[in-house]
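One structure is given below, encoded as structure tokens.
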Amino acid sequence: MELLSALSLDDLAVAFSKLPVFPLFDVAYYIISILYLKYEPGAVDLSKRSPVASWLCAMLYCFGSYILADVLLGESPIHYFSNNANILLASAVWYLTFFCPLNIFYKIVSFLPLKLVLVGMKEVVRVRKIAMGIHHAHHHYHHGWVIMVLIGWVKGSGVALMSNLEQLLRGVWKPETNEILHMSFPTKASLYGAILFTLQQAHWLPISKAYLIFFFTLFMAICKIYMTATHSHGSPFAIFESGICCVLFGAANGDHDDHGDHHHHHDDHDVSHSTVKSKEELNEGTRKRKTKKAE
């Protein structure tokens with residue numbers, strides 16, 4: 001904290017943490033979220049065939065994190081839909097993205113320089129949602145660290161954790177795409193961010209919430225902008241995760257491969273052994289036939 005104070009970032013961090021996200025940053029969040037929905041196979045056909053189903057999918061993309069968090073906390077899952085301004089903004093973005101004449105709106109927001117700006121703005125909303133989720137869970141469960149992490153993670157992950165439900169609305173069923181089994185970078189980052197904010201809320205992390213919001217938003221924005229610009233699907237955490245998992249949980253894949261190789265070599269040995277045995281039996285039979293002919 002003394003180092004951060006020496007950098008004179010106090011005012012900047014506090015001002016950034018108090019920066020309102022509505023409507024500018026929220027609109028950016030809706031644009032990028034619904035843009036990703038349009039990238040999904042069959043999403044455009046669905047919007048023409050069943051606009052209601054397409055709109056519901058768009059609302060899940062925009063507000064799925066609130067719905068799932070409310071369900072986990074025992075609150076009404078449709079509570080957030082009482083925010084008329086947000087619903088109208090998200091609906092307007094959905095309509096323009098799918099039904100704007102000549103696809104003008106889609107082409108504008110897909111323009112890479114503008115898209116990178118919108119991606120960075122979306123991460124501002126994501127981190128703010130994680131922080132608010134931790135605060136909300138702490139209000140209900142003061143010492144429930146796991147609950148705080150879970151709610152913060154859900155708030156930050158958005159619709160990713162509800163991807164199977166969203167796919168059902170589109171008439172698609174892909175259980176192998178379960179986000180928990182194959183976490184994307186935003187889902188992993190939201191989990192790690194939720195852990196950091198929970199530690200800060202419990203006063204185990206010696207940093208103010210304003211600083212944590214500022215630096216974690218900076219990290220998320222830089223990573224997502226870089227990944228979007230380079231069309232990368234890798235994770236910056238991959239190197240650390242592989243090392244930590246190897247130490248804590250062992251090289252599961254390597255052991256499995258070694259086990260498989262052992263069986264493979266054993267099978268090869270059995271096959272070669274049986275082949276040699278068959279050749280020996282064949283030669284023995286040939287010798288017996290020759291002996292009979294000679295007799």
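Every residue gets a Cβ built from N, Cα and C, even glycine.
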Of the residue ranges 234-254, 255-275, the one that Swiss-Prot records as transmembrane segment = 234-254
Are Ser8 and Lys224 on the same side of the membrane in Swiss-Prot?
-> yes
The transmembrane segment (145-165) versus listed stretches 52-72, 85-105, 179-199: most Cβ pairs under 8 Å = 179-199
List, by number or range, the same-chain residues at least 6 past the transmembrane segment (85-105) whose CB is under 8 A from its CB atoms?
-> 22-23, 26-27, 30-31, 34-35, 37-38, 44, 47, 54-55, 58-59, 62-63
State the residues, same chain only, that lie 6 or more residues beyond the ends of the topological domain 'Cytoplasmic' (106-144) and have a CB under 8 A from a CB inside it; answer 'none' if no residue qualifies.
-> 19, 21, 24-26, 28-29, 31-33, 35, 38, 65, 69, 73, 96-97, 100, 150-156, 158, 186, 190, 193-194, 197-198, 201, 209, 212-213, 216-217, 220-221, 224-225, 228-229
Between the transmembrane segment (12-32) and the transmembrane segment (202-222), are there at least three Cβ pairs closer than 8 Å, leaving out pairs fewer than 6 positions apart?
-> yes
